[in-house]
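Below: the structure, in structure tokens.
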Amino acid sequence: MGEVVEDSSAMSPPVAAPPMQMQYNSPSLSRKPLLLIEHPNSATIKTPTSNSRTPNFITPLGSPIRRAIKMSKLDPHDAWLPITESRNGNAYYAAFHTLCSGIGIQALLVPIAFTVLGWTWGVISLTVAFVWQLYTLGLLVQLHESTENGMRYSRYLHLFTDTFGDKMANIFAAFPIMYLSGGTCVALIIVGGGTMKIFYSIVCGGHGCTTKPLTTVEWYLVFTCAAVLLSQLPNLNSIAGVSLVGAITAVGYCTIMWLVSVREGRLEGVSYDRVRPASDVVWFFGILNSLGIIAFAFRGHNLTLEIQATMPSSDKKPSHVPMWRGVKIAYLIVAFCIFPVALGGYWAYGRKIPENGGMLSAIYMYHGRDTAPFILGLTSLFIIISVVSSFQIYAMQMFDDMESKYTKKKNQPCPWWLRVISRAMFGYGCFFVAVAIPFLGSLAGLIGGIALPVTFAYPCFMWLKIRKPKKLSLMWWLNWVLGIAGSILSVLVIAAGLYVVIDTGIKVSFFKPE
């Protein structure tokens, strides 16, 4: 497919905590006329017109597609896909999306890692992981636009494919990237539906407002319907407002949890002695599992290039400038959420923090009776809103992949009615998986180890391959060390996940969500 250049103009009883879940398409060219390439079948490609295929009644914040097309001549296929359909993003939108995708329920599990690592190594590991992932995020922002051919890599998988080839991409990148999107959506349905059930119980005083309350599966369905309705927003820029709300509520529930924990004080008899099993093997894999928990708390790298793709770019105003500005703001807030949760949670509960649920389970287990129902209900409501918002940004990557297959085959944009149907099918498909495999969270550590290199290793290797830093220079050594360390960590976490599954087993209960 040919590339077309963009021009430069452009008091109730305690209740149980909800279930927890660990968790190429064509690029466009930069605006350089010399890079213009004619498409051999350009006569057969239907160039986008000023008529939006999305009904006016669902045209939301930040998606003036007509204006975007008038300002720049996008590559036809990119102009038809949800991620690159609108390129009028800015640093604020980048911050909203990055924050919404960067803070998740996984952050509430970090205090569990401290029970094995202890205060010193826990703080060191958390700090190193934060700096490490922020560094690799910066690499991805710089790699979005090639300094050699002017190409914009609007999708993580396309950058990996162009760097290492189709075969390597299919083996090492396709599954982790798609799992981080599709698997996360399934996890969000489990968490969101379970939290809806808890919220209903809190509002009704723990007795139920009806004689026959909804079952867990029915709550999953309620959550899925809300998520599918929101998913009809057409493109990534159009959900900027949704991401803002999701980010605010994520910060809200994280802040409420560590404040409640610290205000209530340390539990009686709390201990900070590191958990050291009799077996050295169990102890070793426990450390690896703890490092995996910390690593999984930082997510969203698989969406970085996609978020940056929504921005206009030119030689004078490259997209990496506003993108990095938005990322720095977002991760400053992420740090102010994750570190207090980890330190405050471990200080308050020590080794007594529940292994299944972390901070969320601890709040309901230890403070369900002496914490105002309003606080518990507000926390649950924030979680629900944040989760349904996060669903949108992770699902958008899947929508883009599905629609790209249609546009490549038909050489025309996906009709709005087909877009509605396909997105609904994806949402209810995730609902089916959530109901069919409710024990998916037991395997999250194992599968998460497979996805870990997307954040900690691949960006380093891609930088070495594309930018070719001087041999034995600081950047050369830094990226080789971090890339290899990330790969080794991934292998070890996978091994630890396998050991945990084999040693402790998993509760297999198909179609029986609790």
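Note: Cβ is positioned from N, Cα and C throughout, glycine not excepted.
Curation plays no part in TrEMBL annotations; they are all automatic predictions.
Copied from TrEMBL, the annotated features are:
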| type | residues | note |
| --- | --- | --- |
| REGION | 1-20 | region 'Disordered' |
| COMPBIAS | 8-20 | compositional bias 'Low complexity' |
| DOMAIN | 88-502 | domain 'Amino acid transporter transmembrane' |
| TRANSMEM | 91-114 | transmembrane segment |
| TRANSMEM | 120-143 | transmembrane segment |
| TRANSMEM | 177-199 | transmembrane segment |
| TRANSMEM | 219-236 | transmembrane segment |
| TRANSMEM | 243-261 | transmembrane segment |
| TRANSMEM | 281-298 | transmembrane segment |
| TRANSMEM | 329-349 | transmembrane segment |
| TRANSMEM | 374-395 | transmembrane segment |
| TRANSMEM | 416-437 | transmembrane segment |
| TRANSMEM | 443-464 | transmembrane segment |
| TRANSMEM | 476-502 | transmembrane segment |
Folded-back contacts onto the transmembrane segment (329-349), same chain, C-beta under 8 angstroms, at least six residues removed: 91, 94-95, 98-99, 102-103, 107-108, 110-111, 113-115, 119, 122-123, 126, 130, 134, 137, 247, 250-251, 254-255, 257-259, 261-262, 264-267, 270, 272, 297-298, 358-359, 362, 366
Report, as numbers and ranges, which residues of the same chain sit near the transmembrane segment (120-143): CB under 8 Å and 6 or more residues beyond its ends. 110, 113-114, 153, 156, 159, 290-291, 294-295, 297-298, 301, 304-305, 308, 320, 323-324, 327, 331, 335, 338-339, 342-343, 346, 455-456, 459-460, 462-463, 466-467, 479, 482, 486
Please determine whether the transmembrane segment (177-199) and the transmembrane segment (281-298) are in contact (criterion: at least three Cβ-Cβ distances under 8 Å, sequence separation 6 or more). no
Could you check whether the transmembrane segment (91-114) packs against the transmembrane segment (281-298) - three or more CB pairs closer than 8 Å, residues at least 6 apart in sequence? yes
The transmembrane segment (374-395) and the transmembrane segment (243-261): do they have three or more Cβ pairs under 8 Å, with pairs 6 or more apart in sequence? yes
Considering the transmembrane segment (476-502), which listed stretch of 219-236, 281-298, 374-395 counts the most C-beta pairs under 8 Å: 281-298
Sequence-remote partners of the transmembrane segment (219-236) [C-beta within less than 8 Å, at least six residues beyond its ends]: 52, 54, 58-60, 63, 65, 82-83, 85-86, 89, 97, 188-190, 192-194, 196-197, 200, 242, 306-307, 309-310, 384, 387-389, 391-393, 395-396, 399, 419-420, 423-424, 426-428, 430-431, 434-435, 513
